[in-house]
């Protein structure tokens with residue numbers, strides 16, 4: 001069984017921007033694993049949060065890595081991260097990709113169990129940045145979705161959901177991710193095409209379109225991938241929306257979504273965080289890997305560094321996953337941050353996020 005590297009080695013890697021981005025990505029997800037172990041004491045969990053938050057503002061990491069720190073903090077759902085996340089969101093000079101991820105993290109963290117001071121700080125930050133016209137639209141939209149999600153989590157079930165089945169198919173998820181919006185139980189009796197119509201309707205509130213997105217993901221299958229793919233390439237309303245669609249297609253890992261992801265990546269005028277998410281999603285598709293590999297290699301020299309690095313990370317992860325069994329035999333001590341055991345084609349960004357594939361590390 002592959003062992004998680006020691007905490008101090010992970011901290012050293014995370015804190016060194018000169019380390020390869022693939023190594024830092026893997027270290028961040030190893031920290032997530034340690035945090036979530038039932039045997040991990042609160043003091044160690046606190047150390048992990050401090051390690052990640054201390055790197056949020058380190059510009060030398062680059063925006064792709066820093067936005068991953070924000071993502072992981074949201075997945076860990078520790079209110080200890082709230083002040084630093086708020087600080088990052090409030091930094092108007094920072095890149096919108098990082099600010100967006102930190103705002104989304106607040107939406108994941110805030111629930112009815114969070115302490116009143118931290119809830120107050122988070123809500124104030126989200127509301128202020130939502131109402132600041134000079135903020136990038138992607139930041140404002142993320143704040144809006146986060147506020148809607150927090151409201152959904154902390155208020156009694158709304159009338160339209162109160163009569164829904166307790167465990168309808170669209171609400172059940174085999175994905176171990178903290179999503180930015182819940183699926184909607186009213187989608188239970190709809191087919192993928194009907195939910196897809198809601199997803200692509202640009203007149204529907206963005207939060208409700210997100211709910212349709214996750215209902216489709218939970219239904220799964222080829223048809224769901226096609227409906228999501230159509231939304232990715234047809235939508236003209238929101239880069240934030242399209243980037244989330246690309247992420248979900250990566251979670252699905254369906255080859256039916258590949259053409260849409262490639263088309264998205266090939267659009268030079270598309271927002272960089274849509275293209276970067278499309279690249280990482282392509283890296284998550286195991287079927288037709290030869291084509292996936294060709295596309296990712298083609299864009300490794302993209303003029304957008306965020307996109308180029310995403311291709312690098314996707315290829316790096318696939319390479320290590322393919323060598324994992326051999327690597328494990330060579331290193332019984334589990335000392336290498338660079339070694340993983342898993343499924344070829346699953347990118348680091350989806351490691352421990354999409355748990356349909358069993359990844360043993």
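From the backbone N, Cα and C atoms, a Cβ is placed for every residue, glycine too.
Per TrEMBL, Fe cation 1 binding site is recorded for 67, 68, 100, 101. Annotated Fe cation 2 binding site per TrEMBL: 243, 244, 276, 277, in sequence order.
Within 8 Å of the centroid of the Cβ atoms of 243, 244, 276, 277, where the record puts Fe cation 2, the same chain has further Cβ atoms from 242, 245, 246, 247, 273, 274, 278, 280. Geometry remark: residue 101 (Fe cation 1 binding site) versus residue 276 (Fe cation 2 binding site), CA distance 14 Å.
Across the binding-site residues listed here (67, 100, 243, 276), the residue whose Cβ sits among the most other Cβ atoms within 10 Å is 276. Residue 277 (Fe cation 2 binding site): 29 other CB atoms within 10 A of its CB, across all protein chains. It is 12 Å from the Cα atom of residue 244 (Fe cation 2 binding site) to that of residue 100 (Fe cation 1 binding site). Of all the binding-site residues in the record (67, 68, 100), the one with the smallest CA separation from residue 243 (Fe cation 2 binding site) is 100. Of the chain residues outside the Fe cation 1 site list 67, 68, 100, 101, 63, 66, 69, 70, 71, 97, 98, 102, 104 have their Cβ within 8 Å of the site's Cβ mean position. The 10 Å shell around the Cβ of residue 244 (Fe cation 2 binding site) contains 28 further Cβ atoms across the protein chains shown.
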